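To start, I am sharing the structure in question, which I have written as structure tokens.
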Amino acid sequence: MSANESPSGKHPTATSEAVRDSAFLKACRREPVPHTPVWFMRQAGRSLPEYRKVREGIPMLESCMRPELVTEITLQPVRRHNVDAAIFFSDIVVPLKAIGIDLDIKPGVGPVVENPVRTRADLARLRDLTPEDVSYVTEAIGLLTRELGATPLIGFAGAPFTLASYLVEGGPSRTYENAKAIMYGDPGLWADLLDRLADITAAFLKVQIEAGACAVQLFDSWAGALSPADYRHSVMPASAKVFQAVAGYGVPRIHFGVGTGELLGLMGEAGADVVGVDWRVPLDEAARRVGPGKALQGNLDPTVLFSTREAVETKTREVLDAAAGLEGHVFNLGHGVMPATDPDALTRLVDHVHTLTAR
Ligand code: CP3
């Protein structure tokens, strides 16, 4: 199989030579880079006035199903900030909506599921995802890769645990008590639920890679709620199944969660090429926890951007100093851009990292 061919053999993946030689993909592969690449989780979104303008009157999930709108929103931060990668505009619950789960994204709240999934009978509602279910994703990525030129496009999905947390709780939670009740009380049902979600997630990532995404990020945003033993036993097998399912494409696989300092080694072991780190663990310490053979992504505290220019520069330098000995480093925030962030502070940050790290 050539590097340009998909494992299914049906579609050549659209990664051009210029994209393969980008600083972002080089850093993911732990190769020398011209400068440390930068992108931001949630770089497309409410921090940008041009986003708020095009989204006016269009519900979040509907906007994810309109290819021209998805293309425009994905490109907005690339135009404005000179970031080294674009992230596909969608949401982690889009594949669940696409297979008919009755859910919505409520503004200021997050995903809300009308009828939570809590019994074995409920599992039957989680059918397989086919490419036809998300044809708008294929169409949007086709449009995007043409517009992006040499800028790499990152595809993404929610990891089985984080998706399960919304499905079982019925919405955002701080404690995950209903999900953990199943995890501890009915481990067979829990394993089957996460395995179903792993298949759906893998199918969603494959659609994005086959359409032209040249890296993928698995968001296990809420895995930090778990102890290492519970993570290893009850969650890691499903996330590992997702990574394994897309291994044959040869695109870098990024694995990210919040508050996952104690899980970093396991999150690498699950099958990631790049481990995302929030701001709680310095990158040199994170590298010790992850071990050799993986790049790291992170990890400026997103709230730092609300402080003075001097403070942003000091904290940025701290991140870069801690990253100095890494095999590969992709600069990012430790979690998503907060909606009230001044977009100009993000533009300055990209420029600052590029200048400080130019080789
Ligand atoms: O720029 C990008 O990063 C790409 C777009 C993206 C969105 N959601 C768009 C979005 C990505 C990568 C996500 C992932 C996502 N969605 C995660 C994992 C990342 C993380 O933050 O940990 C999670 C947990 C979700 C679930 C979700 N969807 C939440 C918690 C919310 C916020 C609710 C709110 O209004 O505060 C959403 C909605 C959402 N997804 C918005 C955006 C831009 C805001 C809705 C809007 O703009 O109207």
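Positions of Cβ are set from backbone N, Cα and C atoms, glycine also.
Fair warning: this is a prediction, and the values are worked out from it, not measured in the lab.
Just lifted these from TrEMBL, have a look:
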BINDING   Arg42, Gln43, Ala44, Gly45, Arg46, Asp91, Tyr166, Ser221, His335  substrate binding site
DOMAIN    37-46  domain 'Uroporphyrinogen decarboxylase (URO-D)'
DOMAIN    154-170  domain 'Uroporphyrinogen decarboxylase (URO-D)'
SITE      Asp91  site 'Transition state stabilizer'
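For each listed feature, how buried is it and what is near it?
Counting every protein chain shown, 22 other Cβ atoms lie within 10 Å of the Cβ of Ala44 (substrate binding site). Under the three-state DSSP scheme, Ala44 (substrate binding site) falls in the coil class.
Using a Cβ-Cβ cut-off under 8 Å and counting only residues 6 or more beyond its ends in the same chain, the domain 'Uroporphyrinogen decarboxylase (URO-D)' (37-46) has close neighbours at 22-24, 26-27, 52, 73-74, 76-77, 81, 83-87, 89, 154, 256, 330-333, 335-337, 339, 346, 349-350, 353-354.
Proximity of distant same-chain residues to the domain 'Uroporphyrinogen decarboxylase (URO-D)' (154-170), defined by a Cβ-Cβ separation under 8 Å and at least 6 residues beyond the stretch ends, is recorded for 39, 85-88, 90, 92-93, 95-96, 101, 103, 110-118, 141, 176-179, 182, 193-195, 197-198, 200-201, 204-205, 208-209, 213-223, 225-226, 235, 238-239, 242, 254-255, 257.
The Cβ of Asp91 (site 'Transition state stabilizer') lies under 8 Å from the Cβ of Met60, Leu61, Cys64, Ile105, Pro111, each of these being in the same chain and 6 or more residues away along the sequence.
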With every protein chain in view, how many other Cβ atoms are within 10 Å of the Cβ of His335 (substrate binding site)?
23
Do you know which of the recorded positions Arg42, Asp91, Tyr166 end up with C-beta under 6 Å from ligand 1?
Arg42, Asp91
Take the domain 'Uroporphyrinogen decarboxylase (URO-D)' (154-170) and count its residues per DSSP category (helix H/G/I, strand E/B, coil), listing them in that order.
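Residue counts for the domain 'Uroporphyrinogen decarboxylase (URO-D)' (154-170) by secondary structure: 10 helix, 5 strand, 2 coil.
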So what's the average pLDDT for the domain 'Uroporphyrinogen decarboxylase (URO-D)' (154-170)?
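A mean pLDDT of 98 is what the model gives the domain 'Uroporphyrinogen decarboxylase (URO-D)' (154-170).
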In DSSP terms, helix, strand or coil for Asp91 (site 'Transition state stabilizer')?
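In three-state terms, Asp91 (site 'Transition state stabilizer') counts as coil.
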